[in-house]
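I have a structure I would like to understand better, so I am pasting it below and will then ask my questions one at a time.
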Amino acid sequence: MRVWAGALRAAAAPGPLTGSFRERFDFGGRDVASWFPGHMAKGLRQMRASLRRADCLIEVHDARIPLSGRNPMLQEALGIRPHVLVLNKMDLADPRRQPTVLERLKQQGCSHVVFTDCQRDGNVKKIVPLVAKLVGDSPRYHRAESTEYNILVIGVPNVGKSSLINSLRRLHLKKGKATAVGGEPGVTKAVLTKIQVCEKPLMYLVDTPGVLPPRLGDLETGMKLALCGAIRDHLVGEDIMADYLLYTLNKQQQFRYVGHYGLTEACDDIQAVLRRVALAQGRTQRVKVLTGTGDVNMTMLNYPAAAYEFLRDFRAGRLGRVTLD
């Protein structure tokens, strides 16, 4: 318990600062070098081999972090092939930020962008016609005689690549799931075989494991990826993730958490917020305390469980639609 509280104090500003929030976040000397599981490096090597057979690349990314964490190695691999950027989970992102995001992406050379919500198939129907047009307008030197389209789906972990494939199959083939879908990074661990997603035109997609670069450029990018579930929570630490989330919500004046947890006002002290979360969600734990007269069992607030609930509420959109970039 003391370790948890100490970690929180290292990152949080002292005391509740209502109406006056931190202007910068203290990461406490953390390092992101260990946030890259081994199977992702292997997946990157396999994906490069698949690139040679692809007519078009669909890069899937989280709409809440449209600019952060897009793998630079993936962008280098795009070459001259047609490229569509799918920003998934649009239902969780702030729709007011879309025009700014599209302008920034256009400046980076991304002109074909589709916002999607694969849970409800929102906007997914735009993808096949766009891909067909892009492939039709581009040279296919390596397999010009072929009539089928091979599309490679790429992106960082847990942005909804498998969900997109299943959504396309539902829309165009009226079929169900073809790939396993999971709520945490690393569910798709092996490069899968071709999956048909459309009859006319005959279109196949290859789902790949999400790939992150071995070393993220900066802690802020890593933290945003972690909040969106692209990096496993325990590798980063739920305590600092919860504090960074609170810092971000306050910075963007997204104060829905205040009413959601029954706080009286906005607060910049993560311990005070997690206390309210624990009380509101009934997150307690029995702790044995040694005293001079013997062991005493006490009920205490479970701050790690409260931090997990805080993160889960954000990821489910219960704290509002938030774009982190």
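Glycine too: its Cβ is placed from the backbone N, Cα and C atoms.
Marked as GTP binding site by TrEMBL: N88, K89, M90, D91, N158, V159, G160, K161, S162, S163, G210. The domain 'G' annotation in TrEMBL covers 151-219.
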Taking the Cβ of G160 (GTP binding site) as the centre, count every other Cβ atom within 10 Å, in any protein chain shown.
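The Cβ of G160 (GTP binding site) has 24 Cβ neighbours within 10 Å.
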If you count Cβ atoms within 10 Å of the Cβ of N88 (GTP binding site), leaving out that atom itself, what do you get?
28
Provide the number of Cβ atoms within 10 Å of the Cβ of N158 (GTP binding site), excluding the reference atom itself.
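A count of 26.
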Suppose we draw a 10 Å sphere around the Cβ of M90 (GTP binding site). How many other Cβ atoms does it contain, all chains included?
24
Tell me the Cβ neighbour count for S162 (GTP binding site), meaning other Cβ atoms within 10 Å of its Cβ, over all protein chains shown.
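Around the Cβ of S162 (GTP binding site), 24 other Cβ atoms lie within 10 Å.
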